[in-house]
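Q: So TrEMBL lists these for the protein:
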- Ser29, Gly30, Gly31, Val32, Asp33, Ser34, Ser35: ATP binding site (BINDING)
- 2-185: domain 'GMPS ATP-PPase' (DOMAIN)
Amino acid sequence: MVDTDSFIEEAKEEIRETVGDAHAIIALSGGVDSSVAAALAYEAIGEQLTPVYVDTGLMRKGETDQIRETFSFMESLRIVDAEDRFLDELEGVVDPERKREAIGAQFIREFEREARDTDADYLVQGTIYPDRIESEGNIKSHHNVGGLPDVVDFEGIVEPVRDLYKDEVREVARALGLESVVAERMPFPGPGLAVRIVGEVTKEKVEVARDACHVVEEEVEKHDPWQAFGAVVGKATGVKGDNRVHGWIVAVRSVESRDGMTARAQELPWETLQRIQSRITGQNENVARVVYDVTHKPPATIEYE
Ligand code: XMP
């Protein structure tokens, strides 16, 4: 990207030219990519755009309320509460790729219903350059690439940030005046907390992961990681009072990266790690152990599944 302001003008012009007088829809996740795509499209075509936010129940703490507030200027915003339907679909599913498929398929059902309901002709997507590369290499099935376009017979797809890297998307977000919580926000995977839970996704594990992610994000923010979170990775023995208990293991991960394709585990101060440990075990008596992940990518991935 050469110049942010001319990128924005050209992107809006492309959206206007493509969509014309028709109606467009975008799945707004609250992440910086879809937020920028939605904001560009909204500036370009206004209420001809319907942004749809699906609350899968796998989102971060307070995320849905924050979306409602940040995007309150978009009158056409729809917020869909789909937590129960997603958890039902995930029952008994343990394989990572099957989980992604179950989430992707349910997401498509939710989105399809909204797209038909709004008579949308065009689909706007926040696909960025690394998404396309990883999908082409078949490293992982990113659910924001593919899938949606096949759902409804859209006349066309608009991907205004398709050639940008994440840091460039953030620059555009700042230039568009999107609140710093969106512009500076850590990337969050489409399948949400489900890829931070090893094995079957249950409501209990989601709550442990959500609270752990919140603590880690708060404590690690000042070290400016690319991503930082807590994941529920299994069970281990611990002691509560006089009793031995079998509780959850939370793995804390904090990585530096430019685009998510490679990453380095961050060297965090011992006090920070101890504070994280004490807050996570303190807030949830079913957590027996907190560990810190020191693996880079490669050989590990950033997420756990
Ligand atoms: P991994 O775990 O593959 O993650 O090292 C690289 C980056 O991609 C995010 N990620 C996903 N994003 N759908 C997404 O939209 C997915 O299925 C998915 N899996 C991982 C991850 O959070 C990191 O930023």
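Every residue, even glycine, has its Cβ placed from backbone N, Cα and C.
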Q: When the pLDDT values for the domain 'GMPS ATP-PPase' (2-185) are averaged, what is the result?
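A: It averages 90.
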Q: What are the sequence-distant neighbours of Val32 (ATP binding site), meaning same chain, six or more residues apart, C-beta distance under 8 angstroms?
A: Lys166, Val169, Arg170, Ala173, Leu178, Val182, Ala183, Arg185, Pro187
Q: Identify, in sequence order, the residues in the chain of Gly31 (ATP binding site) that are 6 or more apart from it along the sequence and have a CB within less than 8 Å of its CB; answer 'none' if there are none.
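A: The list for Gly31 (ATP binding site) reads Gly126, Arg185, Pro187, Phe188, given in order along the sequence.
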Q: Other than Ser29, Gly30, Gly31, Val32, Asp33, Ser34, Ser35, which residues of the chain come within 8 Å of the ATP site, judged by Cβ distance to the Cβ centroid of those residues?
A: Leu28, Val36, Ala37, Ala38, Gly126, Val182, Arg185, Phe188
Q: Around Gly30 (ATP binding site), which residues of its chain at least 6 apart sit with Cβ under 8 Å of its Cβ?
A: Tyr53, Met59, Glu63, Gln66, Ile67, Thr70, Val182, Arg185, Phe188
Q: Suppose we draw a 10 Å sphere around the Cβ of Ser29 (ATP binding site). How many other Cβ atoms does it contain, all chains included?
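A: Excluding its own Cβ, the number within 10 Å is 23.
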